[in-house]
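Q: Dropping the structure in here first, questions after.
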Amino acid sequence: MALIVHLKTVSELRGKGDRIAKVTFRGQSFYSRVLENCEGVADFDETFRWPVASSIDRNEVLEIQIFNYSKVFSNKLIGTFCMVLQKVVEENRVEVTDTLMDDSNAIIKTSLSMEVRYQATDGTVGPWDDGDFLGDESLQEEKDSQETDGLLPGSRPSTRISGEKSFRRAGRSVFSAMKLGKTRSHKEEPQRQDEPAVLEMEDLDHLAIQLGDGLDPDSVSLASVTALTSNVSNKRSKPDIKMEPSAGRPMDYQVSITVIEARQLVGLNMDPVVCVEVGDDKKYTSMKESTNCPYYNEYFVFDFHVSPDVMFDKIIKISVIHSKNLLRSGTLVGSFKMDVGTVYSQPEHQFHHKWAILSDPDDISAGLKGYVKCDVAVVGKGDNIKTPHKANETDEDDIEGNLLLPEGVPPERQWARFYVKIYRAEGLPRMNTSLMANVKKAFIGENKDLVDPYVQVFFAGQKGKTSVQKSSYEPLWNEQVVFTDLFPPLCKRMKVQIRDSDKVNDVAIGTHFIDLRKISNDGDKGFLPTLGPAWVNMYGSTRNYTLLDEHQDLNEGLGEGVSFRARLMLGLAVEILDTSNPELTSSTEVQVEQATPVSESCTGRMEEFFLFGAFLEASMIDRKNGDKPITFEVTIGNYGNEVDGMSRPLRPRPRKEPGDEEEVDLIQNSSDDEGDEAGDLASVSSTPPMRPQITDRNYFHLPYLERKPCIYIKSWWPDQRRRLYNANIMDHIADKLEEGLNDVQEMIKTEKSYPERRLRGVLEELSCGCHRFLSLSDKDQGRSSRTRLDRERLKSCMRELESMGQQAKSLRAQVKRHTVRDKLRLCQNFLQKLRFLADEPQHSIPDVFIWMMSNNKRIAYARVPSKDLLFSIVEEELGKDCAKVKTLFLKLPGKRGFGSAGWTVQAKLELYLWLGLSKQRKDFLCGLPCGFEEVKAAQGLGLHSFPPISLVYTKKQAFQLRAHMYQARSLFAADSSGLSDPFARVFFINQSQCTEVLNETLCPTWDQMLVFDNLELYGEAHELRDDPPIIVIEIYDQDSMGKADFMGRTFAKPLVKMADEAYCPPRFPPQLEYYQIYRGSATAGDLLAAFELLQIGPSGKADLPPINGPVDMDRGPIMPVPVGIRPVLSKYRVEVLFWGLRDLKRVNLAQVDRPRVDIECAGKGVQSSLIHNYKKNPNFNTLVKWFEVDLPENELLHPPLNIRVVDCRAFGRYTLVGSHAVSSLRRFIYRPPDRSAPNWNTTVRLLRGCHRLRNGGPSSRPTGEVVVSMEPEEPVKKLETMVKLDATSDAVVKVDVAEDEKERKKKKKKGPSEEPEEEEPDESMLDWWSKYFASIDTMKEQLRQHETSGTDLEEKEEMESAEGLKGPMKSKEKSRAAKEEKKKKNQSPGPGQGSEAPEKKKAKIDELKVYPKELESEFDSFEDWLHTFNLLRGKTGDDEDGSTEEERIVGRFKGSLCVYKVPLPEDVSREAGYDPTYGMFQGIPSNDPINVLVRIYVVRATDLHPADINGKADPYIAIKLGKTDIRDKENYISKQLNPVFGKSFDIEASFPMESMLTVAVYDWDLVGTDDLIGETKIDLENRFYSKHRATCGIAQTYSIHGYNIWRDPMKPSQILTRLCKEGKVDGPHFGPHGRVRVANRVFTGPSEIEDENGQRKPTDEHVALSALRHWEDIPRVGCRLVPEHVETRPLLNPDKPGIEQGRLELWVDMFPMDMPAPGTPLDISPRKPKKYELRVIVWNTDEVVLEDDDFFTGEKSSDIFVRGWLKGQQEDKQDTDVHYHSLTGEGNFNWRYLFPFDYLAAEEKIVMSKKESMFSWDETEYKIPARLTLQIWDADHFSADDFLGAIELDLNRFPRGAKTAKQCTMEMATGEVDVPLVSIFKQKRVKGWWPLLARNENDEFELTGKVEAELHLLTAEEAEKNPVGLARNEPDPLEKPNRPDTSFIWFLNPLKSARYFLWHTYRWLLLKFLLLFLLLLLFALFLYSLPGYLAKKILGA
């Protein structure tokens, strides 16, 4: 369907001007070309076409706007014409002439004339035929090019372009609407895509520069909108074909986990152990007793050698277990799990210092179970991880802000059920031998299906399986497997596997992975994971059953499946659980339930699909398969599989469904004449067998010639094409984007001009493509078979692409020359997102397999995704390989394809494929090369629509191929010498030719043209021009014995010249280009070549361009590369500095004694002088030699330079020692400065002896001085201070070093209320470690600032790119905002904190520089003038050998190169002191041997790889330099992975003989040899001679005493004088008042220094030091000098190449022995912990919960005692006595604890040593946080004591105690109230009330008591002077507490207890009872005596 608008003319225009038209329909606009100088009438005559996906509604509107075009200002609207399309929809074609309307809707005179046509596919609109349909798409070339590319530079015939036109058109091209994936019909004249698109931009730039007054053209407003949408580089000539399967190859991985601590563990009085599990490996921490917040700091390493897929699916599980011991497995407190892939996808592949949330898998309603703080890192081979510095780490108290969760995952995760519904499977293969089946059949007559399938599902470390369906190829389950896990889960994939149940061993039939990210969306408008019901296809090994299947791994999902195995209908749903629901099952056990069956039609209506293929060429067939006939089989699912299909699917009868009538076929008359009965069309799925013919010694080909065999297959699948169509549209956008980005990268790499314009074009195309997707993707909305995922995914994709289109549009406006690289990075993100979205998780049609078969055996295969072959009439929906000739390289299946076996091409096919509905079959031949006749299987009436079984080509074209093979570089070393004898073999069609063999080189220059004559290509000529066949180039190593060795392969496409084209620029002659050579999946060099395919016209070869090149008579028939293609050469001089050779290994067991170096480049070269005795002095006598050579003008084409070292032996023999190829001379090229440029001497960096220095020429000195004042700042900023100055200006750099006195005066002025921590540290208390820890704080602060600025910048970029987008905030941004808010809250001190916790001021301590990496990486390997070249010998190893280049290194050549054009400018040689013998290497030192004192300081090691079974190591240092070998075995550190060594070693060495220092860390073993953990190597010689002065670091300040004493034997003034002398710099001139002038720079600084006695004396050292610290600002010779530092070096183990085994912190000082001797080494021995004693008096408790019920009275009471410890419960637990029977919760103790401990103040850790177990050889040192634990318990006599509550006080920062029990609240401990924090190390004595907490049943904290305690800290000396007794003992005893009498034991004094128990409680009741008793007694007596008295009374007695 399409709407076509033909805009003819616009008339009645006023005035004269440039006009442009804009035509808009459905939001997509096209612009016409600009018509210049139109007066009255504008004759556009342009056609615009909109392919439309859905029918046009009669109410839709077409809008046309006419503008006056302005090249500078915005365009001015003339008028608008809007047309409702009602009539167009009814009549198909409408011609219109009408007037326009202006802005105010008034009619104006101007009128337009146009024609509108509408093509509807269903034929409902007017009469039309196929001609209409095709013809309109292929209008004549000019119109079509105007429509799509009319405004794109380079897209029009160059004859029509003038400079002015080019300028206007290019400026306007931003608005050109590129239609995505537009391919022209083959009938039209093709557009010249290869023409360089930049050629026509020159006029634009010229004009822009005039406009902008010499500004950069891209800063001018018009130029800044210029966009290029056609390729500039020739990337298309380099097809990217990967031969070797990369998936499934095992790799080395290391998972390292540090468990630091746990907090808030739920439970009372726990003994927690942390279990760390990766896959099936488990490791445990030590047990911590009776604590809810244990501290571990234990490091675990897990090593794996598996494929990436297996690795990333492994689950990391961190569990906390309570009371685990040898007998008990312990009870699980909680666990946390995450897959390895989630960790690997994090920045730096790690989580650092994050808190894992624990939850109980057995009780999902239980909530949070605690937190574990840990570091998790996953390292693959070669990964470089930046680990944050380990030392002096502070506690991250903000748990919520540092959770172990990926970005965007909410901290509150909910429990959810994952329902995996398994419905049924189809097409299962036979999984049993048929022998028994045949016996059964013979006896019983049964023929059973030979498979017993069931489905197993793996998710998040759990697995569940369905029931087994016995003997069924089409099993029906209708079951669901239910998993319960937290949502969102931290496991990315779910594995679904069909398995065959077997008595012995169940085997996998097929595996499918469900990526949860692809079936859900976590955005604001996202959706929960959902899938299906949908079919998923499973692939694996071939279907023939064998008992031992060598490809069984493929069925397990490892590697690419080579055959269709089965398809499974499944569904997935997620339900978030309400954990408060009491009916909910709380277990997370996997359950299997019955699922509701679904109807067959729910996955879509079954449709008949038709697959057609034509084999146009089969070449490069491996010679192993050349002796038997070969056939090719094509299968789709089980259809077409004739050999082992076995359970062939039955053809389903088409079912009529309601709505079928509406789905009229897209092309009405496509297959009317085909019958519908079964069997009307038998499938032909394989080609007839044919015996191959020989091509050359390696390969064969099948002689198809003009008869091309065809295959066709009918198959039936649910019609879910819409899914594939949408995926294809996105793939097209992504392909276009990738091509564009590659083009931009190539432009940047090859330094082509204006990459920013090309990037704008790329973004423009992306924006249009996204818009196109929105209009096309929303079809077929009402289909009943659409699943929920289909609907949600579509919405999600539409939102993403709409957003991406808008971002691309806004990003396009921001692309400038200086931002190209940044924006390119953002565009790469777009590409990743598009590829992710295009991957459809719900399969429909299975992939197509092409198998090469010989003798009925499957040999090699290729797999093509069905979506790539799917036909659609909408261009964007068409599969990228549908109806196209595709080149396929067949490969061996499974593991056979790994390694050298996979390097050989098994076969190369040129194959045409088409897949579509049978109804659309009319189009299946439309893309084939024209000129064929069809051969049918049967002849007769009504069979004309039958597909052909072969095609006979009658049209063929004659061509000649010229392969210009110039040179190759960095080839694979195939011989044991480390060199090769390479030749290249070029394959094209069925021919091959070889270049000559060049001996012993890795960089051959063949300079040879290979001519392939008599090439016959079938098809239309112009089709071959657009898409020529692929050329294969293979590089081999010629062996005198045996066959040639394969070295690598590359692919190319030739530039095609048709007979009617002129052989002239810009397309011809072709340019030489580099092609990447691959050997398997590894790169193996580059080939510099060009290829052209020339059509031979009617007059034969006479029309071809002549072969003219430099004829070399010596080369005989070999033709060189012709002039015009070969590079233009210029004369260059190559100067070589020969310094020396190092570490040469033996050759053939003989030592190298008299080596020589040969240098060769482009056939010319030079030899070094001979080293007469390598052992005595390995340096050369003659330092500099040179030779002249002709090199290409284009630096990218420079040939490599070869360095070879030979050993000269007796009788004139010499043997090769090793060689090195410098593949790029670029870094050694010297460019004379352009003195005409302003500020040339600051902007140009010169190469002096290959050391780039600023060149300072004669310069006029300005009169004014620039004063740069360097005020003292925060230490953080101090390190960053740089003074950037112009080299010609004078400057005063004022450096004020803060003087002690000023500081002291300031301190004195401070009031007494100031906090003690702000005091100036006492100089005598400071040591080197103070300096070290202060420096680490600074480094961390800098890193934090750097990260913050980095994230701010990224956010800013994201904001910019998303500018103008109105939409909800993404969840990622929300979570980030929440985290920031939380951080702010935590950082801001509360009102109550006041002076207690202000922002900690830094003490004034001098610092050094801590480098988190090697010093070499900071200073360019110290190769400022002396370079090191590794000499290699031996064959290059392959990946699977695990070999590295290290093993091939046989020595090193030290020297340098300088390459420059001759002649040099005279002023260079005229410079002062120029010595012609040294050429460009002026001022280099002598290379005579020199004696040096090397002093190595080893500070500490971190994260060492465990070497012992217990997961620890006993490390010690070993140092080797020359013959000196030091092993510090005695001082090994027991059971430590983070040892602090603090050692220095002095070694006397002689350079150059002893220059490679090796520092290793070994593991001490009691028995057996010690194991190497890792080592690092340092080249001392490069450091010694470097201009960066790496001998002894320059300190920050100059001191003559104290901890910061100056280490260098030379003072700063002496160093400065020497540097000035060596660099021939004027100075230093010291002046009064602390001034020094060096060259034209003046530095100022303090002029006095204080000695040890406090005496001040004048000095120039401070100011000299300030000059040294800014030496890089000195003109011409300035460079950064190495500061005083500590470097961090990775430790590597040769047995585990590429994986770090830990890191070592050290630094090296070197002092020449002929200079003054240095002072004593610095003392960096580890700080000894200081001995302290903590005295804790427990006075009272209050409000303690009452646990016991009284036996007699039922009254609540508690028998209270208090327990406390500091180091650990086993080590120093102390209990008070028991306060019995407390009725009020009050307890009185007056009890003293004494805790002696050793404390490291710098690390805030207690140090303790103890044996790890009874079997340990020695004590292990532990560092634990200084935390005092106080607990209250209820004592029980017979049962275990009951735990009531606890508080843990961090002695460095704990809440100040409340003055009274009433003021003491629970919030003090939970941190909800701002309480002043105190440190016992500062306060020394603290007394107060503290709350004691425990968790209740709801897992919430509750107050269980209060304790009054007094803490008193004393040093060991003070404690000795004032001793006190433990408990209430002497000396200084505490008085006994005055406890109430209730607090005794009742059975010792029952009367007393009765008195207390009864009288105190019930006295009033007792009194009432007594009174009542007396009254009753009285009444009883009265009654008793009443009768007597009455009788007496009556009787009167």
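Quick reminder: no glycine exception, Cβ is built from N, Cα and C everywhere.
If you look up Swiss-Prot, you'll see 1-1963 marked as topological domain 'Cytoplasmic', on the strength of sequence analysis. Here Swiss-Prot flags 140-167, 643-692, 1253-1272, 1296-1326, 1343-1402 as region 'Disordered'. Marked as domain 'C2 2' by Swiss-Prot on the basis of sequence analysis: 235-356. Swiss-Prot lists ASP975, ASP1037, ASP1039, ASP1045 with the feature Ca(2+) 2 binding site. Per Swiss-Prot, Ca(2+) 3 binding site is recorded for ASP1508, ASP1514, ASP1563, ASP1565, and the stated evidence type is sequence analysis. Annotation comment: Swiss-Prot describes ASP1836, SER1839, ASP1842 as Ca(2+) 5 binding site, evidence class sequence analysis.
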Q: For the binding-site residues ASP1836, ASP1842, which one has the sparsest Cβ surroundings, going by other Cβ atoms within 10 Å?
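A: Result for the binding-site residues ASP1836, ASP1842: minimum number of other Cβ atoms within 10 Å at ASP1836.
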Q: ASP1842 (Ca(2+) 5 binding site): which of the binding-site residues ASP1037, ASP1039, ASP1508, ASP1563 is the nearest Cα neighbour?
A: ASP1508
Q: Going by DSSP, is ASP1842 (Ca(2+) 5 binding site) part of a helix, a strand, or coil?
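A: For ASP1842 (Ca(2+) 5 binding site) - judged by DSSP and reduced to three states - the answer is strand.
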Q: I need the CA-to-CA distance for ASP1836 (Ca(2+) 5 binding site) versus ASP1037 (Ca(2+) 2 binding site), whole Å please.
A: 87
Q: Can you see whether DSSP assigns ASP1037 (Ca(2+) 2 binding site) to helix, strand or coil?
A: strand
Q: Quick one: mean pLDDT on the domain 'C2 2' (235-356)?
A: 86
Q: State the count of C-beta atoms found within 10 angstroms of the C-beta of ASP1037 (Ca(2+) 2 binding site), not counting that atom itself.
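A: Other Cβ atoms found within 10 Å: 20.
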Q: Which has the fewest other CB atoms in a 10 Å radius around its CB: ASP1514, ASP1563, ASP1565, the listed binding-site residues?
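A: Selected from the binding-site residues ASP1514, ASP1563, ASP1565 on minimum Cβ neighbours within 10 Å: ASP1565.
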Q: Tell me which residues of the chain lie with their Cβ under 8 angstroms from that of ASP975 (Ca(2+) 2 binding site), as long as they are six or more apart in sequence?
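A: Spatial neighbours, sequence-distant, of ASP975 (Ca(2+) 2 binding site): ASP981, GLU1000, ASP1037, LYS1435.
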Q: Determine, from DSSP, whether ASP975 (Ca(2+) 2 binding site) sits in helix, strand or coil.
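A: Reduced to three states, the DSSP call for ASP975 (Ca(2+) 2 binding site) is coil.
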Q: Cβ within 8 Å of the Ca(2+) 2 site centroid (ASP975, ASP1037, ASP1039, ASP1045 excluded): which residues?
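A: What remains near the Cβ centre is ALA974, SER980, ASP981, TYR1036, GLN1038, ALA1044, MET1047.
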Q: Using all protein chains in view, find how many other C-beta atoms are within 10 Å of the C-beta of ASP1508 (Ca(2+) 3 binding site).
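A: For ASP1508 (Ca(2+) 3 binding site), the count of other Cβ atoms within 10 Å is 13.
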Q: Reduced to three states, what secondary structure does DSSP give ASP1045 (Ca(2+) 2 binding site)?
A: strand
Q: For the recorded Ca(2+) 3 site formed by ASP1508, ASP1514, ASP1563, ASP1565, name the remaining residues of the chain with Cβ within 8 Å of the site's Cβ center, in chain order.
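A: Going along the sequence, the neighbours come out as ALA1507, LYS1512, ALA1513, PRO1515, TRP1564, ASP1570, ASP1571.
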Q: Quick one: pull the CA-CA distance for ASP1563 (Ca(2+) 3 binding site) versus SER1839 (Ca(2+) 5 binding site), whole Å only.
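A: Counting only the Cα atoms, the answer is 48 Å.
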Q: Can you tell which of the binding-site residues (ASP1039, ASP1045) has the fewest other C-beta atoms within 10 angstroms of its C-beta?
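A: Counting other Cβ atoms within 10 Å of each of the binding-site residues ASP1039, ASP1045 gives the minimum at ASP1039.
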Q: Residue counts in helix (H, G, I), strand (E, B) and coil for the domain 'C2 2' (235-356), per DSSP?
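A: Result for the domain 'C2 2' (235-356), in helix, strand, coil order: 17 helix, 60 strand, 45 coil.
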Q: If one measures from the C-alpha of ASP1508 (Ca(2+) 3 binding site) to the C-alpha of ASP1045 (Ca(2+) 2 binding site), what distance in angstrom results, rounded to a whole number?
A: 44
Q: Measuring Cα to Cα, how far is ASP1039 (Ca(2+) 2 binding site) from ASP1565 (Ca(2+) 3 binding site) in Å?
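A: Approximately 49 Å lies between the Cα of ASP1039 (Ca(2+) 2 binding site) and that of ASP1565 (Ca(2+) 3 binding site).
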Q: Quick one: Cα separation, ASP1514 (Ca(2+) 3 binding site) versus SER1839 (Ca(2+) 5 binding site), in Å?
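A: About 44 Å separates the two Cα atoms.
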Q: When a 10 Å sphere is centred on the Cβ of SER1839 (Ca(2+) 5 binding site), how many other Cβ atoms does it contain?
A: 6
Q: In whole Å, how far does the CA atom of SER1839 (Ca(2+) 5 binding site) lie from that of ASP1045 (Ca(2+) 2 binding site)?
A: 81
Q: Specify all same-chain residues, apart from the site residues ASP1836, SER1839, ASP1842, whose Cβ lies within 8 angstroms of the center of the Cβ atoms of the Ca(2+) 5 site, ordered by sequence.
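A: Leaving out the recorded residues gives ASP1834, ALA1835, PHE1838, ALA1840, ASP1841.
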Q: How big is the gap, in Å, between the Cα of ASP1045 (Ca(2+) 2 binding site) and that of ASP1565 (Ca(2+) 3 binding site), rounded to a whole number?
A: 47
